[in-house]
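In what follows, a single structure is set out as structure tokens and then discussed.
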Amino acid sequence: MLLASLILIPFLGSALAALMPQDARNRESWLAIAVAVCGLLIALALFPQIASGEVLREEFAWLPAQGLFFVLRVDGLAWVFAVLVLAIGLLVVLYARYYMSPDDPVPRFFSFLLAFMGSMLGVVLSGNLVQLVVFWELTSLTSFLLIGYWHHRADARRGARMAFTVTATGGLCLLAGVLVLGHIVGSYDLDNVLAAGDQIRGHDLYLAALALIALGALTKSAQFPFHFWLPHAMAAPTPVSSYLHSATMVKAGVFLLVRLWPALAGTPEWTWVVGGAGVCTLLLGAFIAIFQHDLKGLLAYSTISHLGLITLLIGIGTPLAMVAAIFHILNHATFKASLFMAAGIIDHESGTRDLRLLRGLRHKLPVTATLAIVASAAMAGVPLLNGFLSKEMFFAETLHVGGDRNWWMSFAAVAMGMFSVAYSLRFISIFFGTPAQDLPRDPHEPPRWMRFPVELLVLTCLIVGIAPGISIEPILNIAVHSVLGSAAPDYDLAVWHGLNLPLFMSVLALAGGVLLYIVLRRHFDLQQREQVPLIHRFNGAQAYETTMLQLTRSAGWLLRRIGTTRLQSQLVLLMLMLLVVPPILAGAPPAWTRIPLQDFDPLFAAIWAIGGACAVAGAWMAKYHRLAALALIGGTGIVTAATFLWLSAPDLALTQLMVETVTTVLILLGLRWLPPRLESVDTPAQSPTRVWLRRSRDLLIAVGGGLALAALTYAVLVHPASDTIADFFLLNALGGGGGSNVVNVLLVDFRSFDTLGEITVLAIVALTVYALLRRFRPAPESAGVPPQQRFEADPASRQTPAQQADSGYLLVAGIYMRLLLPFMGVIAVYFFMRGHNLPGGGFVAGLIFAVAILVQYMLAGTVWVESHINLRPHRWLGFGLVLACATGLGAWLFGHPFLTTHTAHVDWPLVGELHLPSAFVFDLGVFTVVVGTTMLMLVALAHQSLRAHRLPGEEAQAVEQGNADGRAN
Amino acid sequence: MELVLAIAVGVVFGSGIWLILRPRTFQLITGLLLMSYAVNLFIFAMGRLWVDKPPITPTAGVDPAQFADPLPQGLVLTAIVIGFATTALYLVMMIGARGLSGSDHVDGEEPRE
């Protein structure tokens, strides 16, 4: 659990942080600090084991059937990265406390930041590749949320979108790559994958896996040609830039490459893909950085260039290059995080980040200036600072690659070194010169604790730079040994290696850089240049926007070309597919074995002659006479119910009959709101030929579909049934479920989870219907009282429905029905009680009960019923669902799985022994939900007619009011 | 019997298809009703036809071959009830769309040509 808590604590902290009030800046930062300190303490507690070379693992079952486990794995590399994430995180939250303005909604900020911390720890600690990708995408997501933190700003939204599109797309590539890797190795476990390096490199799919994984890593680490998202991500608050976009998240890409080095590296392809991207990036990034006018933009391009340096080292792939890569990851994190924080301080204090405005800040910000200058020196690779050491190792490696003849790599390295010196000079130039007078704010030193993280990081740069052997070497050793294993080289982190070629290159880079800066400043108008010379046409961001625009445009075009908003054409296609696709997908038909058929019964044929005729006639009449069509289709429904009864399905027959009843009432209630048939529409401008063609086509599809289903049904019916689980249900219903009606036991016991889902759907549909009807606006011409009710000669038309039932022409029927209510209630109870053993059950009983109430509504009218019975269908719904769930949960109390049934045998006086399965209570829940659903829907629909009676009066009043006003005027 | 049921399913299904290809919302709802009958009967028929053998086991230790298949019955039972709920939902959409658009055409407007 120790490793799991390392990831869990930040996520818990994130949830907690989200719940705090808007202005809780202090509490938020204390919480975040506590989370980071907790994580650091756990990590430090693991140090002795890690230092002794152990690999710690924790496994949790995830999808054990698929061989997937949630694995947390800590080796040296993961540990070093985890400490990096936590330590920089701690400093960043401290810094953010002072950076964030009291007006910013801080709970969101700290919540996202902690969620990112958890995701990033998830990436570094994952021992399973699929799980790693999940956390990887989580870091993209949290990065998106953090870049877009000030979402009222267009640049923040744009930057967030761009970063997310690029990194998440890369993440998808990574997922594909990981799946290929898993396919090659046969396991997603990191240990297995790392051990199978030769197998992977020899496999046909190696190149595909390498390309996909490289795409994931290169997009994440902002490598050419995907580097353009990082400068736009600078719209994020500076603590985010410092944390995600320099020290940690962008390192996830290079981390992954280092992680998978034993599995993938060592081939020419690896060097070309990874090293090629690296060398392009480091030159491009460093060159562009010189010409930035935004403080953070300069740092962003410099980050891109340094990431390119690391990628190139990984691409070179020799053991010593790997040492340099890991070393530079750590060094870059320290100096770049501190530089971003310094940039944030300058922005915070002076109100601008524009390099063209900022001058002479050392007078106002002496301490910050000193710190930033030292950190920039580390970035430029000045001796006695940490950047110098790893950069010199880099120079040495480039010499090694080319051998004696090929010097190109070394030239590129020195050029990059010169550029980085030049942009570092550009960065520190803001501290020198005469103090600027036109700054938005008068700068002064920041609060003590806002500067503290910078001080600590710069101190680290110095310590590592001066005494690497005692400060960083032990930690670096741990990481290196975990990656390289026995291939770990001997190396010596010393400041002075004697007069050699790398030192000469360093000196050359330093001198050349200074010279370059001076030349640019003097002769090329560096301070005022609008564009990056030579390569300003290669604008990745522009290409990205163009691609996005084209995609949107072509999607719209495609939709216009092959899509339609008309329902009929969609349905025609759907039906055609129904006819065409199954024969294509189906294989050869099985052998035509026949089973003994049921004897032909003329009566059965006769009822279906009626049923079929009803269906066809209904299909014809639906256009001309809705009521007749409804009655005819009801006839087919009755025949269907009779068929169920005939063919040994009494439960279905009962249910079908009751559903038939409520459906008919339902549609009758709805018919009122439909317009009369428009005779004129049938003969509009459409030519008769077209109409005839369309109808023939539809008829053809209908006949074809009918024939196909008939043939299929017949083919199935004459074949013997295959073995199903039916026998199990039949054998165990009585013994295991305590009921002899297998269908009911199936519903409330064997498959009760299914039924629980179903009644939930019922409840949702009922509520949806209710909600839709609350907003229902009838068409004007059907809003009033219908003509049938306005027939003045009929005395009933002057009575309200309640009067009709109490003293009008419905008096007799109304009283009969009132007397019938208790009987129907008893019948409902009867069908419910016997349901477990004989046909019946919660569904049927619920429908019967609903019909009993419905009958009252129909005869006595809504007003009368509701003044006498207080039904609250919503409560029935809620109560039924609670009852069903509670029954299921009750099984947990006894240590059984959800919805396990228990049958109690109770001896009741007079009644005798009674079986009381808990499924009975579940069935009661079903009953209640069915009653609630039916009542809610029908009553809501019936209430619409009441409005019709109200509306004309109100309208008349309004008109009278208008007339009165008119006269008054 | 088998042939009668097969033809019945075909006729009802065909009528349903014809109706759902019609332009009026009421025709569509009746078409869905008919199609659901046909499909329910079809699923039910997957358990083959049994006369006078309802799946009600009065005693333990019965011969499963002597009873109708309870599984399709259970599935169809829930399908019938869900079918009712979706019919209600469709009905409300239908009258709501008519109120909003003033037309009972499935596209919410009379076709223009």
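In case you wondered, yes, glycine gets a Cβ from its N, Cα and C as well.
Confidence over the domain 'NADH-Ubiquinone oxidoreductase (complex I) chain 5 N-terminal' (A:68-110), given as mean pLDDT on the 0 to 100 scale, stands at 92. Residues annotated as domain 'NADH-Ubiquinone oxidoreductase (complex I) chain 5 N-terminal' in TrEMBL: A:68-110.
Annotated domain 'MrpA C-terminal/MbhE' per TrEMBL: A:693-790, in sequence order.
The domain 'Na+/H+ antiporter MnhB subunit-related protein' annotation in TrEMBL covers A:815-935.
Per DSSP, the region 'Disordered' (A:780-800) is made up of 12 helix, 0 strand, 9 coil. Positions annotated as region 'Disordered' by TrEMBL: A:780-800.
Sequence annotations record features per position, and here TrEMBL assigns transmembrane segment to A:27-48 (among others).
Long-range contacts of the transmembrane segment (A:78-97) within its own chain (CB-CB distance under 8 A, at least 6 residues past either end) are made by residues 6, 25-26, 28-29, 32-33, 36-37, 39-40, 43-44, 46-47, 50, 109-110, 113, 117, 120-121, 124-125, 237, 239, 242-243, 247-248, 251, 255, 326, 329-330, 333, 337, 341, 344, 449-450, 452-454, 456-457, 475-476, 478-479, 482. The feature transmembrane segment is assigned by TrEMBL to A:78-97 (among others).
Residues annotated as transmembrane segment in TrEMBL: A:109-127 (among others).
The feature transmembrane segment is assigned by TrEMBL to A:162-185 (among others). Within the chain, the transmembrane segment (A:162-185) has long-range Cβ neighbours (under 8 A, six or more residues past its boundaries) at 129-130, 132-133, 136-137, 140-141, 143-144, 147, 192-193, 196, 199-200, 203, 205-206, 208-220, 226, 228-230, 232-233, 256, 263, 541, 544, 548.
Annotation source TrEMBL lists transmembrane segment at A:205-230 (among others).
Outside the transmembrane segment (A:270-291) by six or more residues, the chain places 210-211, 214, 218, 222-225, 227, 257, 264, 298, 301-317, 409, 412, 415-416, 419-420, 422-423, 426, 517, 520, 526, 529, 531-533, 535 with a CB less than 8 A from a CB of the stretch. Look at TrEMBL and you will find A:270-291 (among others) tagged as transmembrane segment.
Residues or ranges marked as transmembrane segment by TrEMBL: A:367-388 (among others).
For A:454-479 (among others), the entry in TrEMBL reads transmembrane segment.
When Cβ-Cβ distances below 8 Å are used as the criterion, the transmembrane segment (A:571-591) is approached by residues 697-698, 701, 704-705, 708, 715, 719 of the same chain, each at least six residues removed from its ends. The transmembrane segment annotation in TrEMBL covers A:571-591 (among others).
According to TrEMBL, the feature transmembrane segment maps to A:699-717 (among others).
Annotation comment: TrEMBL describes A:755-773 (among others) as transmembrane segment.
Among the features that TrEMBL reports, transmembrane segment is placed at A:919-942 (among others).
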Cβ-Cβ under 8 Å with the transmembrane segment (A:109-127): same-chain residues at least 6 beyond its ends: 3, 6-11, 13-15, 17-18, 28-29, 31-32, 35-36, 39, 57, 59, 71-74, 77-78, 81-82, 85-86, 89, 92-93, 96, 100, 134-136, 138-139, 141-143, 145-146, 149, 189-191, 237, 239-240, 243-244, 248-249, 252, 255-256
Within-chain partners of the transmembrane segment (A:699-717) [C-beta distance under 8 Å, separation at least 6 from its ends]: 572, 575-576, 578-579, 589, 597
DSSP residue counts for the domain 'NADH-Ubiquinone oxidoreductase (complex I) chain 5 N-terminal' (A:68-110), split into helix, strand and coil: 29 helix, 7 strand, 7 coil
For the transmembrane segment (A:205-230), sequence-distant contacts whose Cβ falls under 8 Å of one of its Cβ atoms, 6 or more beyond its ends: 136, 140, 159, 162-163, 165-167, 169-171, 173-178, 180-181, 183-184, 245, 249-254, 256-257, 260, 264, 267, 269-270, 273-274, 277-278, 280-281, 284-285, 300, 303-304, 307-308, 310-311, 539-541, 543-544
Chain residues outside the transmembrane segment (A:367-388) and at least six past its termini with a C-beta under 8 angstroms from it: 302, 306, 331-332, 334-336, 338-339, 342-343, 345-346, 361, 417, 420-421, 424-425, 427-428, 431, 445-446, 451, 454-455, 457-458, 460-462, 464-466, 468, 472, 495, 506, 509-510, 513
For the domain 'Na+/H+ antiporter MnhB subunit-related protein' (A:815-935), residues assigned helix / strand / coil by DSSP: 86 helix, 12 strand, 23 coil
